[in-house]
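Participant: Residues or ranges marked as active site by Swiss-Prot: 243, 277. Among the features that Swiss-Prot reports, NAD(+) binding site is placed at 220, 221, 222, 223, 224, 225, with the record citing sequence analysis.
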């Protein structure tokens, strides 16, 4: 049970791969990668199934997607535990992820009807009708940080629109993908409508470059996303939706309740061990006594964050990072900032060799003239002190990314000023910047995406509009155009 093609499970024909629990280094899944021939078979299966799937109609497709929702409900404990073991996230957090997967069904159905349904109006020229059709065969590339929820956010709207899908998950979370697809199978999805190919870079390249793809929906790193954008640049007929990362700023200004502000900072920077694309990476705090008090409370709170394995009791706030390699990468990022002049207020440390367990870090980088514009994808928050609000906003905008940004401030006028000037696709006020609504679009500008917002707007990139002018019969106009005679 490694690859799912044409409604059947197949062993891979490539090289051996394994999935490792990053909290204890135990192997929890093994398999073989898909070869280019198996990728071809998956695309062929999706192509063969696509028209019949579209012709079922929306209501019939929705019924099957609803059956999948029922499977998620019935298996939510197993799915949450699988996500926890494979990602290292605490059980409380993976239960929330499964809940989001379940909620995605109703939200996607509502989005389909609101954004890509059918609308007809009578005009003097005839009946004007707007309809939407699926692109055809699309690939979904999933990330490791939300291995259920994020690919689910592409797959569900794609299927509702009438597309067929080849799903290529992160090579770090194959077990979650296998379980997800098995639930689709139990839901009665017709053969070929959803196919799963597991693998690493070679598998991904074989799928992304396949000539029979009509589109690709990607969530992941900016580096990979930019590579895909270059690859698709000469193919205007293919739809490409990119959701990438961010170097996200959070500004604090004039907040009286500093304990509440510290809570929102912790939730913004350290949830999921800092492995959310919307996590705060840069924190801007005013110079002065109030700012000093906030930083002192923040540093103390960061030191108290509980870190532990996914199944620890009592449950930790932070689990493991995705791998030991990722953990070591965060230590290296911190060292780089220290060498540039940063001063660690709370040092990030690798807690246990062979695992992805790290403690959270807080580093004052005010003395660094030019901060590296990098997405350090982990629990390391960079602190900058500022003297005036315009300076803070200017510094916040000094990034090639533009995913999320936030302001904690008691003044509505300050928020309006900030909202008008900040450059990001998600802008929150007095809320953690990792909080996003599935009933709203999700996406960014700059290096964070290619203007294909997901979540509620995923329906937009899953279908294309068809405009028609229609009449029940051919009819001769009352007056012919000049120069015509009949």
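From the backbone N, Cα and C atoms, a Cβ is placed for every residue, glycine too.
Just so it is clear, the model here is predicted, and its values are computed rather than measured.
Give me the lay of the land around each of these features.
Facilitator: In the three-state DSSP scheme, residue 243 (active site) falls into the strand class.
Counting every protein chain shown, the number of other Cβ atoms lying within 10 Å of the Cβ of residue 277 (active site) is 29. DSSP assigns residue 277 (active site) to coil in the three-state reduction, placing it in neither a helix nor a strand.
Sequence-distant contacts of residue 224 (NAD(+) binding site), defined by Cβ-Cβ distance under 8 angstroms and a gap of at least six in the same chain, are 218. Secondary structure from DSSP puts residue 224 (NAD(+) binding site) in a helix.
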Participant: Provide the number of Cβ atoms within 10 Å of the Cβ of residue 221 (NAD(+) binding site), excluding the reference atom itself.
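Facilitator: 15, counting other Cβ atoms within 10 Å of residue 221 (NAD(+) binding site).
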Participant: Taking each of the recorded positions 220, 222, 223, 225, 243 in turn and counting other Cβ atoms within 10 Å of its Cβ, which one has the fewest?
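Facilitator: Output over recorded positions 220, 222, 223, 225, 243: least Cβ neighbours within 10 Å is 223.
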Participant: For the C-alpha pair, I'd like the distance in angstrom between residue 221 (NAD(+) binding site) and residue 243 (active site), rounded off.
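Facilitator: Here the two Cα atoms are 8 Å apart.
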Participant: Given the NAD(+) site residues 220, 221, 222, 223, 224, 225, which other residues of that chain have a Cβ within 8 Å of the mean position of their Cβ atoms, reported in sequence order?
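Facilitator: Going along the sequence, the neighbours appear as 218, 226, 227, 244, 245.
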